Amino acid sequence: MGCLGALLFLLGSLGALAQRCEMPEVDSKIVEMLGQRLLPWMDQLSLEQLNPSIYVGLRLSSLQAETKEALYLHSLKLHYQQSLLGSASSGGDNDDSQAKPSMGQLALYLLALKANCEFVGGHKGDRLVSQLKRFLEDEKRAIGHDHKGHPHTSYYQYGLAILALCVHQKRVHESVVGKLLHAVEHDRPVHQGHLSVDTAAMAGLAFTCLKRSNLNPDQRERIILAIGTVQEKILRSQTPEGHFGSVYSTPLALQLLMTSSMPGVELRSVCYKARTALLTSLQNEAFQNALMISQLLPALNHKSYVDLISPDCLAPRAILEPAFETPSDTQAPEVIRVMLMVSSVLPPYHNSIPVPAGSSLEDVLKKAQELGGFTYGTQASLSGPYLTSVMGKEVGEREFWQLLQVPDTPLLQGIADYRPKDGETIELRLVSW
């Protein structure tokens, strides 16, 4: 073999070894349907219901909601600045009449600003950045010097906060980044003994941003190794159907895999398999949650949160029209019965709850509470309400109320998104992790 032949062979081998996660285009009608599901969420403009992830997802997608999109960003700015910085009428003091956004919500808000090609700056911007850095410092102290503690929120929000600061070119102290590196290196992003794919993917996105921005050069080699570790763990999590972990963690996993090539891995076939699994799930109407849709739309547009380092705010996007609604049937909706069980309290709760067909599990809980003998409490989160108490039993440290289809099938959706079928039995079980 001559020198030229050897060179071509070498280049061909390298091309085969280092592949990128590239998926074939998805039918624009499917993408449009997903975007249409976000439109009703954009009409909810109270602070408790605003979700910056919706805006970020649309800006990184091939769709735009025109004036509704602009109004949503305006509402985000109004509510977040008032709640975090205080309104002008209060003389600059914090307004304690409304709840403050969490670390994850503030991080998503900063991502939303960058998605609109806005760098945080000036007095107000610097205060937002300082607040997010304080959140991270508090979480770092909770984890502890020996790494035996846990964040008050989660490693998911921890990674999201680092990512948000990174895309705005705001340097995070090495000790803060070090906690997330240690978590990845020692398998800390786990839930009930299993890899938390979305948490690992979010950490990987944060590390990829740090690598590209070179904000922490002294940790660069460790960061590069951590990216590879996360990628390998995500690839090992792929199910026979094609999802990474579950259908709902697959979008973030794809975002990460799209950010770089991986030598020795058939990424094209891996990602094509994931695409096929996602399309099957979309046909089964799995994606109803606004956060999950907002993470999927960028992946379908071959984008990731890392693209917010240099967002293309002039890229053409198709105008999103509301879905055509057929006239509603005047007949009363069918009533189904859902068996609700709580075995983690004494005496155990067990009752058949009548609700209209198509009701969410949250509707079932509300009806059970109306009927008496059942109580529950929730707290808002990035992905919707989650249970904090059932029958007066509050969750303790490292505990949560697990949603199960009896006998032992965990639900992949939250109470606001899961829709039980007639005759189904749902158990709320308090578990530790």
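If you go along the chain as it appears here, the first residue is 1 and each next one adds 1.
Quick reminder: no glycine exception, Cβ is built from N, Cα and C everywhere.
Taken from TrEMBL as is:
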BINDING   Thr153, Ser154, Tyr155, Tyr156, Gln157, Asp198, Gln295, Tyr386, Leu387, Trp401, Gln402, Leu403, Leu411, Trp433  cyanocob(III)alamin binding site
DISULFID  Cys21-Cys271  disulfide bond
DISULFID  Cys166-Cys209  disulfide bond
DOMAIN    358-430  domain 'Transcobalamin-like C-terminal'
SIGNAL    1-18  signal peptide
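The two recorded residues, Cys21 (disulfide bond) and Cys166 (disulfide bond), have Cα atoms 23 Å apart. Listed in sequence order, Pro410, Leu428, Arg429, Leu430, Val431 are the same-chain residues at least 6 apart in sequence whose CB falls under 8 Å from the CB of Gln402 (cyanocob(III)alamin binding site). The disulfide-bonded residues shown are Cys166, Cys209, Cys271; of these, the one with its CA atom nearest the CA of Thr153 (cyanocob(III)alamin binding site) is Cys166. Mapped onto DSSP classes, the domain 'Transcobalamin-like C-terminal' (358-430) shows 11 helix, 26 strand, 36 coil. Of the listed binding-site residues Thr153, Gln157, Gln295, the Cβ environment within 10 Å is emptiest of other Cβ atoms at Thr153. Long-range Cβ neighbours of Cys271 (disulfide bond) (same chain, at least 6 residues apart, Cβ-Cβ under 8 Å): Cys21, Glu22, Met23, Leu254, Leu257, Met258.
Here the Cα atom of Cys209 (disulfide bond) is found 16 Å from that of Gln157 (cyanocob(III)alamin binding site). Cβ neighbours of Cys166 (disulfide bond) (same chain, under 8 Å, six or more residues apart in sequence): Val172, Ala206, Cys209, Leu210, Ser213, Leu215, Ile309.
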